[in-house]
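Participant: For reference, Swiss-Prot lists these features for the protein:
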type     : residues    : note
CARBOHYD : N180        : N-linked glycosylation site
REGION   : 221-293     : region 'Disordered'
COMPBIAS : 252-261     : compositional bias 'Low complexity'
COMPBIAS : 276-288     : compositional bias 'Acidic residues'
REGION   : 399-437     : region 'Disordered'
COMPBIAS : 423-436     : compositional bias 'Polar residues'
DISULFID : C489-C518   : disulfide bond
CARBOHYD : N507        : N-linked glycosylation site
DOMAIN   : 521-553     : domain 'Anaphylatoxin-like 3'
DOMAIN   : 679-718     : domain 'EGF-like 2'
DISULFID : C704-C717   : disulfide bond
DISULFID : C730-C745   : disulfide bond
DISULFID : C751-C762   : disulfide bond
DOMAIN   : 764-809     : domain 'EGF-like 4'
DISULFID : C796-C808   : disulfide bond
DISULFID : C821-C836   : disulfide bond
DISULFID : C843-C856   : disulfide bond
DISULFID : C869-C884   : disulfide bond
DISULFID : C947-C956   : disulfide bond
DISULFID : C967-C980   : disulfide bond
DISULFID : C986-C998   : disulfide bond
DISULFID : C1009-C1023 : disulfide bond
CARBOHYD : N1035       : N-linked glycosylation site
Amino acid sequence: MVLLWEPAGAWLALGLALALGPSVAAAAPRQDCTGVECPPLENCIEEALEPGACCATCVQQGCACEGYQYYDCLQGGFVRGRVPAGQSYFVDFGSTECSCPPGGGKISCQFMLCPELPPNCIEAVVVADSCPQCGQVGCVHAGHKYAAGHTVHLPPCRACHCPDAGGELICYQLPGCHGNFSDAEEGDPERHYEDPYSYDQEVAEVEAATALGGEVQAGAVQAGAGGPPAALGGGSQPLSTIQAPPWPAVLPRPTAAAALGPPAPVQAKARRVTEDSEEEEEEEEEREEMAVTEQLAAGGHRGLDGLPTTAPAGPSLPIQEERAEAGARAEAGARPEENLILDAQATSRSTGPEGVTHAPSLGKAALVPTQAVPGSPRDPVKPSPHNILSTSLPDAAWIPPTREVPRKPQVLPHSHVEEDTDPNSVHSIPRSSPEGSTKDLIETCCAAGQQWAIDNDECLEIPESGTEDNVCRTAQRHCCVSYLQEKSCMAGVLGAKEGETCGAEDNDSCGISLYKQCCDCCGLGLRVRAEGQSCESNPNLGYPCNHVMLSCCEGEEPLIVPEVRRPPEPAAAPRRVSEAEMAGREALSLGTEAELPNSLPGDDQDECLLLPGELCQHLCINTVGSYHCACFPGFSLQDDGRTCRPEGHPPQPEAPQEPALKSEFSQVASNTIPLPLPQPNTCKDNGPCKQVCSTVGGSAICSCFPGYAIMADGVSCEDINECVTDLHTCSRGEHCVNTLGSFHCYKALTCEPGYALKDGECEDVDECAMGTHTCQPGFLCQNTKGSFYCQARQRCMDGFLQDPEGNCVDINECTSLSEPCRPGFSCINTVGSYTCQRNPLICARGYHASDDGTKCVDVNECETGVHRCGEGQVCHNLPGSYRCDCKAGFQRDAFGRGCIDVNECWASPGRLCQHTCENTLGSYRCSCASGFLLAADGKRCEDVNECEAQRCSQECANIYGSYQCYCRQGYQLAEDGHTCTDIDECAQGAGILCTFRCLNVPGSYQCACPEQGYTMTANGRSCKDVDECALGTHNCSEAETCHNIQGSFRCLRFECPPNYVQVSKTKCERTTCHDFLECQNSPARITHYQLNFQTGLLVPAHIFRIGPAPAFTGDTIALNIIKGNEEGYFGTRRLNAYTGVVYLQRAVLEPRDFALDVEMKLWRQGSVTTFLAKMHIFFTTFAL
C-alpha cells in the first residue's frame, strides 16, 4: 500500500504515486477504470490506494492548515500542515487554542482566559477582541489615583511620590514649610474630584499666604491664584493671574526673569465666591493696575518685559527654590531680592551689570513682590532703565498639571484675554523701552493670538487691554487667522479623503476658512492618483492648493507619533539645585526621548506647530521630545539639519555670524543659557521663485523641477527640449517627442505612400491641401485616404454646346448635319440627340417594309417568335402566314387545334419497364428502385453491390437492393449512415476521466499531465506534483534555496544586507546601530517566509499572522506593507494590541508570485523596535 497526502475534501481519489517502481507496475496490470466514479473523501488528510483498485480510501481524517495557520501547525508539531481530528495546538504564546473537530473539517480557534491585571493598576485599557491590558500603574490615596513616577504636593506642606511600580504614596515634608502635616484631608481646599489635581483658586491663595508665614502682605499678588498644588515632576499650567501691587516708594533691586514657556497647556477649574467679594476684588485690582501703569510710565521701566505672557514650549524639569541664597542676603541687611518660582524647568542665575540677576528659564513664572524688610531705608530711588519688576512666591506654590485632555495640535500656552476686570486676565504688555525687541514682542503676541484661536475658534472678538501697540495687535490678528486657516485646511483635506462634499463651512463667520479650497485641491490630487497618472507640481495653482494637491496625489499621511510611556527615575526628597549644575543645561531641548524623564502620553509638544516655518526649510516632522527636518524630492538635507539644497549642487558655506548678534550676547554671563535664534525664512510662500525655493546661507536660491532649466532672471524656469539637446533616453527604432518637463519615446513606424507619421500613428496626407498633386489644368483635386484623384471641371455632354455664359444648350443635329438620316427616314431632334423615323409604307398582313422602306417583304413568324404554336408543336413558315404541326409522341386533340402527349406507360402497362415506367413529353423512361441499376437495354433492373463502391468508412454488409454500414469500437455511425466518427470520450466524461487534461485519440482517449512539474500516477488518470527540490532536479545555485510550489519550483536567495548577520537559513539579525534613530528605524531582525496558495481564494482571507515572541503586557505593534503591494492585493489588520495579520483583500485569479516586505514596529516599555518580514507568496492553480 502506498500512502498519498492530498488536500482535505478531494473529490476524486485518483492520486496514486509513481513510487511503486517499475517492478511493481509491471507485476500489476493496469486496471481499466473507465466510467468508475469514486465517492469524495470528506476531510481526509491521509489516503491510500490499494493495488488494482480504482478508488482510494481514507486512512485518517483531520483538518488542513490554510494560510498563516500553516506555520502555526508546523510549530505545533504537525508535519505538512495536517492536524488529525480531535487534536489541537496553542498559538499567541498559549493565549489561544486551535483545534480540529472530531471528523475533521475547519480549524477553529478559541481565546483562553485572560490573565489577571498586574497589581497597582489604576487604569485598564479594553481593546476589542483582546484581553484587558493595564494602561497605567500608580498609587491610590484617599480615593484618588496618582500615576507611577509622579511627585505631587498635598497641602499644606507635604510632597508625596508614587513609586515606579505603584503601591503606596511615599510622603515627606517640604523644606522650610511649617504647616500641618496630618494625613487628614478635611482641611484641604475644595477639590474637583473628577480631576484630583484641581483645587479652587481662592482657597489656594489663603493657604499660600499662610505658608509664607506672613511674608506676603495684603497688597501682594497671590501666586496661588493661578492653580492648585503642584506636581513636582509633572507638567505646568499657564499663568492665569498677573496682578500688579501698589508701587512702593523705594523699589527693591529686581531680578530679571526670562520665560520660555511650559509644555502643553492644561486647564484648571475655579469656583467663584459671592458676587460682592468678586466686585471688591476687581475694583482693588483695577486700582493696583492703574498704579503700576503710572509708575511704569513715570520711571521708564520695562515693566513686565521679563515675563512674556506666552512663549514657545519646552520640556519640563522639576526645580527647587534657592531659598538659602535669599536668606543669606536678608541676614546681611540687604534688601531681599524677589524670588522667581518656576513650574517647569530648572533655573540658572547669573549676576549681570548693576546687580541685575538673570534667570533664564524654560517655564512660566508667577511673580509676587515681597514686602520691604522692616527697618530698611525708604528713600526714593531713581528707577534704572535696567530694572525689571520681579516678585517671589512661597516654596510650596508649585503649579501642577491638571487632568490630561485629548491631545490636540500643540500650540503655545493658554493666554487669551477675557475682560479687563477679570482677575485672571492676561494682557500682552508691549515693551516700551528702547532696548525692547520687536521680534520677541511679535512672538509673544503671536502666541496669544494662536491661543485665542484655539479657545474661541474666531478672531473678530480679540479683546484689547489698551496697553498693546499696533505691532502686537497686528501679530495677534494674523497669527489667529493663520491658525484658523491651517485648521480649516486640514479639515478640508480629511473631508476630501473621506468623500465628503466640498462646500463652504457653515460656521465661517470670519470668512477666512480654507476648507473648500483645500478640499477641492485635495480632490484634484486624489483623482490624478486614482487614474494612475504621475503626481506633478503645478505652481499655477498657488499656495496652499498646489501643496495640498501634490500631498493628496502622492498619498502622504500625517506623521503619527506613537505615545510612549517612559517611567521617570525615582526621586528622593527635593534637593537644592546649584548654579553649577544648571549652567551646562540647554534652554530648549530638541533631543531624543532620553531627555524627557517623565514622558507620558500628552506631555510631548509638537515643535513644528509651535514654530511653523521657522525650524525647517521644507518639512518639519515632530517626534517624541524632539523633531527632525526633511526635504522635498530632488533636494538633500544640509549639515545644519534644517536647510535643503538641490541635489547635485555643492553645499554653500555657512554665513558668518553677524557682529551685532555677538555684541548682543556679550553682556550675558557665561552661565546664561542663550536662546536659539530663529533663522529668517526667505523661502516663505516660495519666495521669489516660480517653482522651487531653497535657503542656502540665509539667501533664497531658485531651482526648477526635473525637465526645466533656470532662466537668466534666476527665478523663472523654461522647459528643456530633451529631443534637441540629446538628453532623451529613446533607443534605436524610436523617435523623441518633447513635452512640458519631459519627453515621450514613440516606436518608429513605416507608413505607406500617401500617409505620414504623426504622434506615433500614420495619418493621411492631404495632397490637395499641400499642393503635391499632379492634376492638370481644368481638373479639380479631390483627396482620398492614402491618395487623391483628379476630377474634370464642368463641361457639356454630347449633344450640348456651352454658351458664352457657360451654360450648356441643346444642339439641333437635324439642321446642323448635312445628312443625319438614311433615305426613307425623317430626322426628329431630341434634347441632347436626335432620332430617324421611317417614312410611312402600308404592307399586307404577314409582310413588312424593307430596310430601305421601298417595298414589302414576308415576315418569318417562326424565326421571329410571333407565331402561336402550342407546346409540342412545330412551326412551319408560309408566304404571308405559318402552320403548326405535332411532334413525335404527340397527337392532335379532338378539336384538331392543339397537340397532346401520348402516355405510352398507360397504353402498354407492364410491358415497357421491369420496375417503373415514367411518362415524359413525347416519350417515356424506365427507372429502378433504390439498390438497383438500370440494365443496358434501358428496361431491366440489376442489384447493385454498394460495398464494392466502399461507401462505408469502416464495415459494410450488402443486402438485396441495399446495404448496411457498421463501425468498430470507439466509433459511432454518423447521421449519413455511411461515415464512422470517433467518440469523444473526453467531452462525454468532462472532468471525470482525467484530473488534468484528457486527450481524445481515434477510438479511445489518453490522460495527460503538464509537461513540467507533474508526473502521471499509476492509474493513468491523475497527476502528482513533482517535488523538484526533494528530487534534486532543480537548477538553483548553491547560494539559492529551492522552494517547491504546485507544478514548479522557485529559487530564492536569502541574503543579509550590510550590518546584518545570518543566524539561520531564513533569518538575519542586526549587528550594531550607530545612533538611536537607526536603532529605532532599521529592522532588528529580517525573516523570510514562503507561502503557497491556490488561485481563486475567497477574499478577504487571512494569509499570515505576525506578532512579537514572547509578548508582554503593554506591548503594542503597528504593521505596514512597505514594498510589493503596489497593486493593493494585500492589507494589514491588528487582531489585538500585540498580534496582527496580513490578509488578501483582492482576488488573485491567475498564477502569480508576490514579494512583500511587511514591517512591524513594536512599542515596548517606551522603546520602539522594528522587525521586517520578507514574504514570498506564490499563487498556483488547483492541485491535480
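Counting begins at 1 with the first residue displayed.
For all residues, glycine too, the Cβ spot is worked out from N, Cα and C.
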Participant: Going by C-alpha positions, which of the disulfide-bonded residues (C717, C947, C956) is nearest C986 (disulfide bond)?
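Facilitator: The answer is C956.
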Participant: Compare the C-alpha of C745 (disulfide bond) with the C-alpha of each of the disulfide-bonded residues C717, C762, C808, and give the closest one.
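Facilitator: Going through C717, C762, C808 one by one, the Cα closest to that of C745 (disulfide bond) is C762.
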Participant: Hey, of the disulfide-bonded residues listed (C717, C730, C836), which one tops the CB count within 10 A?
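Facilitator: Answer by Cβ density within 10 Å: C717.
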Participant: Which of the listed disulfide-bonded residues (C947, C967) has the least company, meaning the fewest other Cβ atoms within 10 Å of its Cβ?
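Facilitator: Candidates: the disulfide-bonded residues C947, C967. Fewest Cβ atoms within 10 Å: C947.
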Participant: Considering only the disulfide-bonded residues C704, C717, C836, C856, C869, C1009, which fall within 10 Å of C998 (disulfide bond) when distances are taken between Cα atoms?
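Facilitator: Of everything listed, what lies within 10 Å of C998 (disulfide bond) (Cα to Cα) is C1009.
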Participant: Measure the Cβ-based neighbour count of C998 (disulfide bond), defined as the other Cβ atoms within 10 Å of its Cβ.
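Facilitator: Looking across every protein chain shown, the total is 20.
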Participant: Including all protein chains shown, what's the count of other C-beta atoms within 10 A of the C-beta of C745 (disulfide bond)?
Facilitator: 16
Participant: Of the residues in the domain 'Anaphylatoxin-like 3' (521-553), how many are helix, strand and coil by DSSP?
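Facilitator: Tallying H, G and I as helix, E and B as strand, the rest coil: 22 helix, 0 strand, 11 coil.
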Participant: Quick check: in three-state DSSP terms, what is C704 (disulfide bond)?
Facilitator: coil
Participant: Restricting the comparison to the disulfide-bonded residues C717, C762, C856, which residue's C-alpha is spatially nearest the C-alpha of C836 (disulfide bond)?
Facilitator: C856
Participant: Where does C762 (disulfide bond) sit in DSSP terms: helix, strand, or coil?
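Facilitator: Its secondary structure by DSSP: strand.
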Participant: Which residues, sitting 6 or more apart from C808 (disulfide bond) on the same chain, put a CB under 8 Å from its CB?
Facilitator: C796, M797, F800, L801, Q802
